[in-house]
Amino acid sequence: MPAYRSRTTTHGRNMAGARGLWRATGMKDSDFGKPIIAVVNSFTQFVPGHVHLKDLGQLVAREIEAAGGVAKEFNTIAVDDGIAMGHDGMLYSLPSREIIADSVEYMVNAHCADAMVCISNCDKITPGMLMAALRLNIPAVFVSGGPMEAGKVVLHGKTHALDLVDAMVAAADDKVSDEDVQIIERSACPTCGSCSGMFTANSMNCLTEALGLSLPGNGSTLATHADRKRLFVEAGHLIVDIARRYYEQEDERVLPRSIASKQAFENAMALDIAMGGSTNTVLHILAAAYEGEIDFTMDDIDRLSRKVPCLSKVAPAKADVHMEDVHRAGGIMSILGELDKGGLINRDCPTVHAETLGDAIDRWDITRTSSETVRNFFRAAPGGIPTQTAFSQAARWDELDTDRQNGVIRSVEHPFSKDGGLAVLKGNIALDGCIVKTAGVDESILKFSGPARVFESQDSAVKGILANEVKAGDVVVIRYEGPKGGPGMQEMLYPTSYLKSKGLGKACALITDGRFSGGTSGLSIGHVSPEAANGGTIGLVREGDMIDIDIPNRTIVLRVDEAELAARRKEQDAKGWKPVEQRKRRVTTALKAYAAFATSADRGAVRDLGDR
């Protein structure tokens, strides 16, 4: 039977000093021997998705104590990708994921915690904590801060649902007046919580439900709604229960690697494809699988993307649909329920809260449950009042959205498209693959060919787009923005937003070895692997080269013969695979350390230390 890890520091004569220090934190004689649970919080006043988390860590801690555990809270960093966007701050976003994972490992292992509750929310925080949970493999429960309410605004007599991306697009559109831009800006992000569409943060919080590591409703219950409090309360009790099951009953089924197995990762990816999640989720799922030593690769994602249909379209793919609408339609358990009806998930995977995922779906899918408690839970609605306070309103929808033919969530028989919301493309420009969010691509450009407009950085691409140097029919190529080449693999939300503002959202393609914000839509192809800095073919593209993109057939091809590519490669080898133009970019020691070990996106941009 496994011993409680914490007894390393709480038992034995030689631990008198450690116990003395524990006592100084408030522990008493009766606490030594109880499971010590780390409450891993990520509160910060920099990020709207985390600004309301300050007191929630202590809420969980009180419930842990009430359940017979000892709670010890610490904090991780949290970067706001939206605020860091469009300048060198974005170089730090993806590397912060590794810092978060490492910091959780450092604190948990240094103090010998027995289990942990991870309170996350935004883009890199949930992935970083997920990586840590799979790396440490101690009992863990995830509970996120929840999504923001969508903005609402009346412009010229018409009501619009808004999010962050609308503010960015409006600001870059010369046809939108300064007055209207200000109105949109003030209305786009009305409450605390993760940005309101199916962007990276919400996508990842939804995936924790499919992985079995969080409670039903974690991905879709609004941050402001009183119903969300129950998730934090239950997480506190649940973690003590599963910690005892592992340490006192030797039940390894409650460990993260037992719950988040390869089959669970396939369930999560099937969900991601069905709901048209952010392309960043691919990066993070691969990284989490790597930490858990799970054999889950781009080939698995490609296989799943060919058989799982798109069952939901949420902003940015469908501008007037947000997470509050997904919740009203039954949330993630109902999307999983539709996949289950189509035989597209594994029902037998365990979860932290139910014996199997199938049991959870049967209880929580609003189209199959008879529980009025469950149905009432999914009636939780936005309050429509700007606030930074969690659980501050209790509005309800009058009716649920159970329309599986034309509603927010569709059945397998009535999908938005038979092809899923994400696809892996391969070809000579992306030998190890690249990712496109097909849910955000207009049907008219699923096949696209055009001449390359090559930019050596996001900054130069933005200047070129705003200066009208990009024309309809062009394929914008942004390179040397990968994990190593950036470094840090910047998001390209500004280039795609500016293409939209110029009326080119359905007339151009954009490919990059960088990545995209979850708020990106259009023919935006990212994660091109190998990246330019690693000798990838994207580094050989020249101005005017023709590029053919065929999403239905999953191909992307640079129309240059092999002999010419070989000659260009020899030339680049001599130059050391660096950008042609000098970039005004300060790469600090911290960023250099990340770049030294970062792999390309097809491996999740994890660090390769040569030990695997």
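Glycine is treated like the rest: Cβ placed from N, Cα and C.
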The Mg(2+) site in Swiss-Prot lists Asp81, Asp123, Lys124. Which one of Glu491, Glu531, Glu543, Glu562 belongs there according to the record?
Glu491
Those same-chain residues, other than Asp81, Asp123, Lys124, Glu491, found with Cβ within 8 Å of the centroid of the Mg(2+)-site Cβ atoms are Val79, Ala84, Met90, Ser93, Leu94, Cys122, Thr200, Ala201, Asn280, Ser517
Would you mind reading off the Cα separation of Ser517 (active site, proton acceptor) from Glu491 (Mg(2+) binding site), to the nearest angstrom?
5
Going by DSSP, give the three-state secondary structure for Glu491 (Mg(2+) binding site).
strand
Lys124 (Mg(2+) binding site) and Cys195 ([2Fe-2S] cluster binding site), compared by Cα position, are separated in whole Å by 13
Given a separation of at least six residues and a C-beta threshold under 8 Å, show me what packs close to Cys195 ([2Fe-2S] cluster binding site) in the same chain.
Pro48, Gly49, Gly82, Pro147, Met148, Asp163, Leu164, Cys189, Ala201, Asn202, Gly518, Gly519
Taking Asp81, Asp123, Glu491 as the binding-site residues to compare, which has the smallest set of other Cβ atoms within 10 Å?
Asp81
Enter the number of other CB atoms within 10 angstroms of the CB of Lys124 (Mg(2+) binding site).
30
Where does Ser517 (active site, proton acceptor) sit in DSSP terms: helix, strand, or coil?
coil
Calculate the distance in Å between the alpha carbons (Cα) of Cys122 ([2Fe-2S] cluster binding site) and Asp81 (Mg(2+) binding site), and round it to a whole number.
9
